[in-house]
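Asks: When I checked TrEMBL for this same protein, it listed these features:
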type: BINDING; residues: Gly76, Ala77, Ser78, Asp82, Ile108, Gly186, Asp191; note: ATP binding site
type: DOMAIN; residues: 73-250; note: domain 'tRNA(Ile)-lysidine/2-thiocytidine synthase N-terminal'
type: DOMAIN; residues: 302-331; note: domain 'Cytoplasmic tRNA 2-thiolation protein 1 C-terminal'
Amino acid sequence: HQPHQSCHLILELQAASPQRQPQRRCRFCEKKPQLRRPKTGHAVCRDCFFWAFEAETHDTIVSSRMFSPGERVAIGASGGKDSTVLAYLLKTLNERHNYGLDLRLLAIDEGIAGYRDDSLDALRRTEVSLGLPLTIFTYRDLYGWTMDEVVRAAGRRSNCTFCGVFRRQALDRGAGHLKADKLATGHNADDVAETVVMNLLRGDAARLSRCADGVTHTGGGLPARCKPLKYAYEKEIVLYAYFKRLDYFATECLYAPAAYRGHARALVKDLERARPAALLHIIQAAEQIRFRTDARMPELDTCRLCGYVSSQPVCKACVLLDGLNSGNPRLAVGKSSACSAKQQQQRMLTDAGRNSAQCCGSAGARRGCSGSACAAAADS
């Protein structure tokens, strides 16, 4: 595979190895230190690093009351370092601390040739090594499109808008199919800090109010989302996977460089280099934000076409699909006026009403058919 930033992170951390530092003993024991923790700056041996990393994750889970005994937890798995470490940790901590959880791996195949197919191969090996059942859902089955087809139709400028909306809904639908009580994702401290900065730059108060939460309840019968790694630094996740010799796929998504998140990531990385604790301070600040009780927030309802949770009569996924299927994908992501957006949604509802007696399968249901058979297929 091509070198990924995790490889560069390992080289960067090894360059600052304990041999160049005055510490001769591990912070917690008498052994020789083997690494310096990016999060705390402590020189520690490998075993103590494992102990500290796992103990901190356990503390995050317990303090946030993420799980209850007997719950089924779907782990959003991509085959990358974050989700692989998350799956390994949850299995280890579940057995060590007797959480009593039924763990399942849930993967989404976006249909990106040369990227997702290879990462799914790594994920299948993880399924065998951890002994956790794996379920895969595809964009093709859920929406009738692959991401490669979406990029060819819409261009690379807004591909992450389509993928982000589709993937979030696909994970929720997949977790519902597994009858999961919770959906655990591999978002780390870097991801959460980037999301906080992005929501600040966008002025998105609704998302800012919940993006740093360890447990997020979406509503509408959907499983709550959990972030057990929300305080874990990306560099430490890389070190943990490296020393544990976990099998993961380390190539970045082919379309990621065009994402708006890249600007927030560059800012957060600069802050981390100047002050390593900046990541935790951003997250802790976001956790303390409180909005006025009279502040207007979107009221959640359900999409009239697919039944998914939405603050509008038609959810964003259905709007994006309508743009793709009508041959005008830019319509769904452009800066259209509120009036034209309402007209588009009204047209979609009118078209769906005309086709309500027809059935065209689960992909058809996502394209606007509201027939009972299609709705049942979409829910399954």
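Glycine too: its Cβ is placed from the backbone N, Cα and C atoms.
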Asks: Give me the count of other Cβ atoms within 10 A of the Cβ belonging to Gly186 (ATP binding site).
Replies: 23
Asks: Looking at ATP and its recorded binding residues Gly76, Ala77, Ser78, Asp82, Ile108, Gly186, Asp191, figure out the farthest C-alpha pair and report it in angstrom, whole number.
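Replies: So the maximum pairwise Cα distance among the ATP binders is 19 Å.
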Asks: Would you count the other CB atoms within 10 A of the CB of Asp191 (ATP binding site), including those on all shown protein chains?
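Replies: Cβ-Cβ neighbours of Asp191 (ATP binding site) within 10 Å number 22.
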Asks: Output the one of Ala77, Ile108 that, of all these binding-site residues, has the highest number of other Cβ atoms within 10 Å of its Cβ.
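Replies: The residue with the densest Cβ neighbourhood is Ala77.
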Asks: I'd like the number of other C-beta atoms within 10 A of the C-beta of Ser78 (ATP binding site), please.
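Replies: So the Cβ neighbour count for Ser78 (ATP binding site) comes to 23.
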Asks: Which ones in the same chain are close to Asp82 (ATP binding site), with CB under 8 Å and 6+ residues apart in sequence?
Replies: Gly186, His187, Asn188, Asp191, Leu229, Glu234, Ile237
Asks: Neighbour count, 10 Å Cβ-Cβ cut-off, for Gly76 (ATP binding site): what number do you get?
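Replies: The answer is 25.
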Asks: So what's the average pLDDT for the domain 'Cytoplasmic tRNA 2-thiolation protein 1 C-terminal' (302-331)?
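Replies: 85, rounded to a whole number.
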Asks: Per DSSP, how many helix, strand and coil residues does the domain 'Cytoplasmic tRNA 2-thiolation protein 1 C-terminal' (302-331) have?
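Replies: Its residues divide into 12 helix, 3 strand, 15 coil.
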